[in-house]
Amino acid sequence: MPEKLFISKKGEFCDKDGNVVVLRGVNLDPNAKLPAKPDLTSHVSLKNDNFWDLADDVSFVNHPFPLDQVESHINRLKSLGFNHIRFPFTWESIEHKGPEIYDYEFMDYIIEVLKIIDHVGGVYVYLDPHQDVWSRFTGGSGAPYWTLLCAGFQPKRFRRNEAAIVHNTLINTKTGKDNINDFPKMVWATNYYKLACQTMFTLFFGGKHFAPKCMINGMNIQDYLQETFLKAILEFYKRIQERAPELFESNCIIGLESMNEPSHGYIGTTNLNEIEKERNLRLGSTPTGFQSFMLGEGINTTIDRYEITVFGPSKSGTKNVLCEGESAWLTKDERDAADSKYGWSRNEEWTPGICIWRLHKVWKIDQSGPKLLQPDYFSKLHNPGTIAPDLVVNERYFMNNLFTHYFNNFHRAFRHIDKESFVLIQPPVFRSPPHLRHLDIIIGKTICACHFYDGLSLMYKTWSRFFNVDTFGIVRGNYSNPMFSIVLGESRIRDSFQSQLKLMKQEVHEILGKDVPTFFTEIGMPYDMDNKKAYLSGDYTSQTKAMNAIAHALEGNNLSFSLWCYSSGNSHRWGDNWNNEDFSIYSNDDRKDISHETTSRSGTPSLSVKSLISSSSGNTNGSKFITKTTAFDDIKWPPTPPLNDLDFNGFRGTDALVRPFPLKIHGRFIFAKFDLEMKSYALKIHAKASSNASNTTKNATYIFLPKYHFDIDRVDIGTSSGTFLYNEEYQLLKWHHDAGHQSIAITSKNKFNKDDGCIII
């Protein structure tokens, strides 16, 4: 089983002896966003009301995959040297039938999945309550259908008024035919700025301030939504504790994340009549807040259309959205039926059939038409209590008050049932974390979860070797002109990525404290680049270079990460089966029909060496002779399957995925770089005072050295001090070094010199 993890005072994962540990893994898997029964991938078009009528009657059992497939998927991931999994699940998957009606069959299925992962061994798991743009029924994933009814929405009428863009219901209004194939790249994310998603997050985080008239079952809708959400995910967590306590005893499950990619909704918007300049994602139909209100009540409205350019969003024209009078809000009869079904009672002030923001006098409709009354409604408090009523509500206020209120409730409830596991707090993407030091909840078990995606590669789905931009700097408003954000040359692009991640890590330390690790729980690149050219040619050069740039940035900062993603159901046609995304490092369509044997990059079978081979050491400036061994007494769990059981079949851009890295550092990390073209790896550390190159039993640094790139009989190792043991079965190099500043350089050679055991270029 994997050893217990701790957090050092410098904000790094470590073992019980303080040796630095890095977590490298993947999100497994986006199938968790979708029900298995009926099988409703986002490209399955359901006409009329079928999509909505099936909302309650679904099952997520066998998603991400059937139990008999778990072991093969986990061993395949371990072939890359991955040692952990981010395990997404959705609120909908455990509470789709209605409030506090839990799907225990699904929970028990997941428990069995986790047991198999634990049986395979050597893999940490942390759980992710996943959402994207609130719900599957607002174009993403996460919350159950009934939460929208709870807020007064009628999702069946979202399509015409564009309260949300839902892939399943995208129909060509002129032909009446499915429009699934024409679903624009990454347009799903624009739902973060559509009526349904923005309203739901405003209610979830700020309902008491901005929607005081929305009371349900005697409490404000903010408290109701937060309470039901927390009850649901903790009911799931408690069931794992009760049914499989061994998963915690064996260090398999290590923590729980707060919520994936939360949004502030409308909160902080200073002018509802404008598209705020901070809205970096403008693509397709782009309404202002006020325009989304009007559309939501079925009022035909002309809105701006945008396209993405290298220098950011650019207005491309306008669109006259014809709603045909279809309102996004429940009529009285519809709401009465929903209230009866789900056991809700509402206060009399909550009038059915109208926009809740019109209910709160943000805007009105009179004889002359719609009028915006309070353009700055969401940038000030309206139910402040003891707080000064003239307080400005902005992003900083949202994070340090409204989001923190939620996280405090989450943290308190979680710590009530689990005092040992890690808590991962995730702020909105590319945004600063909240200031939590004064709350005394950062106690050595809190991790900051960050996400990073390169904006240019993401939106254009291509990799440019020649230029890119500083995505993080643009989002943060660091440039007066986007021209200044341009980065030229592939080497500089890789270094730019590394600098951006370094800045994000530094910010976490500055705000949350140096003892809080930065964990990139999502980071990755799209694989359907260049209009899926690689799927026909088999040439994944662009994807390999893009993933190499990401990996370079991570390893240069020694950051733990979970790649997005590994999709067991990925196909070339539909990608990850969700909103035309195609980020999976693996695809069934890339599997080759070959016999079950591990093949090296040169095409020859890779054989394990089980005998113990000894030789003498060389000097520090020349080649190092390495003692091969079959086991390390102080490593109880192997980082990979045995060499003959490695399975790279189906991985894409494998050259960039399989990389050397320090599995454990006896000291402090300084520098690391893997040069994919030169097949060389360099690591610099500041070793602990207890280090001793002559000590062959403990106090060593462990490096995962994959045979995929480095055949141990064909490498040159130069180091400042030390001796080596190499476990070829599990591709693990044990480096015994002296104290202080130490370095090691490993180079793969292409010609073998039998006289001295070295490889000569």
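Every residue gets a Cβ built from N, Cα and C, even glycine.
TrEMBL annotations:
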- 70-134: domain 'Glycoside hydrolase family 5' (DOMAIN)
- 659-746: domain 'Glycoside hydrolase family 5 C-terminal' (DOMAIN)
DSSP puts the residues of the domain 'Glycoside hydrolase family 5 C-terminal' (659-746) at 3 helix, 48 strand, 37 coil
When pLDDT is averaged across the domain 'Glycoside hydrolase family 5 C-terminal' (659-746), the result is 91
Secondary structure split (DSSP) over the domain 'Glycoside hydrolase family 5' (70-134) reads 31 helix, 15 strand, 19 coil
